[in-house]
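For reference, TrEMBL has these:
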TRANSMEM  B:17-37  transmembrane segment
TRANSMEM  B:63-85  transmembrane segment
TRANSMEM  B:92-108  transmembrane segment
TRANSMEM  B:114-137  transmembrane segment
TRANSMEM  B:149-169  transmembrane segment
TRANSMEM  B:189-210  transmembrane segment
TRANSMEM  B:241-258  transmembrane segment
TRANSMEM  B:278-303  transmembrane segment
TRANSMEM  B:315-334  transmembrane segment
Amino acid sequence: MTDPRHAPADGPPPIAPGTPPILQLQGICKYFPGVIANQDVSLDVAPGEIHALLGENGAGKSTLMNVVTGIYQPDGGEIILDGYGQSFAAPQDAIRAGIGMVHQHFKLVPAFTVAENIHLGWRETPFRASAKTLESRTRALSERFGFSVRPDAVVADLSAGEQQRVEILRVLARQARLLILDEPTAVLTPAETRDLFRALRAFRARGNAVILISHKLDEVIDISDRISILRAGRHVGTWRTADCTAAGLATIMVGREIVRRDLRARAPGAAAIARDPGAAAPVLSLRGASCRDARGIETLRDVTLDVHGGEILGIAGVAGNGQRELTQVLTGMMPLSAGTVLLDGAPVPLADPAAFARAGIGHIPEDRLRSGLAPSLDITDNMALREYARPPIGRHGLYDRAAAARLAGTIVAAAEVRVPDLATPIRNLSGGNQQRLVARREIRIASRVLVAAYPSRGLDIGAIATVLRYLTDLRDQGVAVVLVSEDLEELLNVADRIGVLFHGRLMATIDAATADMETIGLLMGGRSAPNGPTSGGGHA
Amino acid sequence: MAGTLHRLPTVTPARRLAWRAGAIAAALAITTLFLALSGRDPRLLADLVVRSAVGSRFGLEDLALFLTPLLLTGAAVTVTGRIGVWNIGAEGQFYAGAIGATAVGLFLPGPAWLVLPLMAACGIACGMGWILLPALARAYAGVNEIITTLLLNFVAGLLTTYLAVGPWHDRVTGALASTGRLPVRIPEIWGVVHWGFPIALAIVLALAWLTTRTRWGYQITIGGANDQAARYAGIPVRARILGAMLLSGGLAALAGMFEVAGTVHRLQGGLANNFGYFGIVVAVLARGSCLNVLPAALLMAFILDAGIVLQTQQLTASAVLAITGLVLFMIAIADELAHYRPVTVRRATTGAEARP
Ligand SMILES: Nc1ncnc2c1ncn2[C@@H]1O[C@H](COP(=O)(O)OP(=O)(O)OP(=O)(O)O)[C@@H](O)[C@H]1O
Ligand SMILES: [Mg+2]
């Protein structure tokens, strides 16, 4: 870890031999009813290293970190901090000992400002502080740690990347020496990820340590010093990153090799794209569609597009350029301020999500926990969300719990998720397993169209391959698929056409067979002609 | 080595029940202590309470009479609670129901089999009317229902008093603050216990079924758990909030109708006896489940019944209220403490000290 090749500014600092690890785990076990979340996990994290923690969905990564930060008590094993045995009764104890964690699902208070969130539940918050004081303190912190935030902004109005900076700043302000990040880049744009990594390297250079959980292997190889892998709750091993390749890691994680196939190619006998002249009208179309947010700002501007049966339409763009609005318009969740939605060529009079679902339009929403699931309810109730009004669950105005449980069992089996019992609240499932269940639930009702927003977010690479196969299977059955993604490689790999959104406008729709990353990248930045002058605008 | 507490994210029902039993025992112990300190014999009082509240036929009849309105108001608050709305106005809707029922009873002569259902219908309609404005404001404008429903309680209470001493005042007996005796009454089934009691029981059971086994109940549950997910599933959340609140108003109003037509037989100020507010307590104890309303209302009824007995022993009404408060306070503490489990912590040094 004293590799001289690293630049001294952000490389790991030289560590004197014999320095104890910041954190050492010895034989940690954690069990839930019917689930072995962690079994005999031993690993150590040295000062001045970024330690990546990998594993499939449900491998026990989040649970292990929750044990380290005192949210859960271990059922066995020891946590050793700076050479001394420690046991944290509550997260506050861990924070006091210098361990800070940013969770997979953010835990900020949406209605509070950034400054208020930073100071919430903090010993050093002045007893009587005006909003002004808090904001200036926040500004000072943000300069000290190199995380730019807007102290007076309300958290609910922030992008995912901004919210995450607030979370990290909150932790750093409490003098964390060990920063734990649970899938921090899942919701970040590439630019935000670069900023985050720059800040993490600076943090490491000061002799601190980072544990990073991620499913994005390229990123992990880019930033980490060592990599540990969990499989089914057990520690498989720890390697120096320099010795690892993405393919090798994937094989160890999943236990088999993952090959990226060209998913655009059709299997023999698959439905053809229903786009030829003379074919039926497109399944779903937008004509001049615009919509406005609560403040009256146009978030979708004059979008016209057609989705045909048997094709995958990819939607690219930097997050926050109208993707959410587009998916909501296509699934009946948001009314248009101008333009029309056409279903099978006929205008749809009313934005009614239930009617869209009945018409065979499935929707994997961007933020599954907030809008696709009711976290406190059990798996059964959550899996019935789309079919509760249809037989066999909903007959004569009743809700047949037994039938709902059978449906949930079917979905759980199809999604290949192991659950101890269907009465488990869905928030107890791992993030990736929640995502798989939502995907399977929506595929069931998507007999005509599936609108999938970031369906691979939070999934391990094996599961991503599976979900993409779900999509291509649907396509081969003649279903139209709209795939919103920030991963251009993924889009180029599965989509037939790619539309690019910029500032709510559909810049262009291009054929994926001839498209290249560069063209799409330019369009994403608002430039319409790939070879034209840089000032060529797509602005309104 | 040091002992410390660890917070459990979820608590099993058995654990919670055990803690609550402990809380009730603790509250009784504290009460006993205070009674002893104030020079009374707690054993004698306890014996008296048990004998007259549950050990005698009259006590049991009283218990049933307390239970009847508590079941309905408790269910009323629970039903809205399931969709995340707090109906603090059960007291007011109770009065509205009593007023509506009295109006029919006093001014619409007829056979009981006809007048009683009309009284119930009119009472329920009045209760729904009483909650209509807060319900519309909440469902369509997002106005917080806690304030609006609460404020209407005072209006309803004063309106009742006004009617009882004013326009509907009983001129025959010259009683000070009540209307005349209603010409019809809900028939009794057991001593002074009237048919309202079994009906209230049946209604609570029906609600338990409605909230868990019907499409409407499912939509309410989803709406209460995550309204964004409910919108995503196309559930008409506003209509469901409106519906649940109207149902709630109707239930509390029916309690008022039962009270006036079955127990008191006349409209008078203070008729609601805080049953609406105690309904909130019952709902809190029931934690969102209509089936749990049964034991929760029973506990509340027992406390009220015991209070009456104690009042006959020269304990003031406020002392009785204080005991009620103590029991509920202890239960609230127990619900929180049930989340904690002692763990042994080895702490060679704290992290703060170890930091360089
Ligand atoms: N509170 C809980 N109660 C019951 N089971 C739980 C609880 N928390 C986690 N589990 C289970 O423990 C296992 C490990 O979950 P964990 O969240 O640690 O996985 P993960 O490695 O973080 O996965 P992902 O990559 O999907 O986030 C899962 O099977 C999960 O269902
Ligand atoms: Mg996780």
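Cβ atoms here come from the backbone N, Cα and C positions, even for glycine.
Listed as Cβ neighbours of the transmembrane segment (B:189-210) (distance under 8 Å, sequence separation of 6 or more from its ends, same chain) are residues 57-58, 61, 64-65, 67-69, 71-72, 75, 78-79, 216-217, 251, 254-255, 258, 261-263, 289-291, 293-294.
Most Cβ pairs under 8 A with the transmembrane segment (B:17-37) among the ranges B:92-108, B:114-137, B:149-169, B:241-258, B:315-334 are made by B:315-334.
Where the transmembrane segment (B:241-258) meets the stretches B:114-137, B:149-169, B:278-303, B:315-334, the count of C-beta pairs under 8 angstroms peaks at B:114-137. Residues 86-89, 91-96, 98-99, 102, 106, 130-131, 133-134, 176-180, 267-272, 276 of the same chain lie 6 or more positions beyond the ends of the transmembrane segment (B:149-169) yet place their CB under 8 Å from a CB of it. Same-chain residues lying 6+ beyond the ends of the transmembrane segment (B:315-334) with a Cβ under 8 Å from its Cβ atoms: 16, 19-20, 22-24, 26-27, 30-31, 281, 284-285, 303-304, 306-308.
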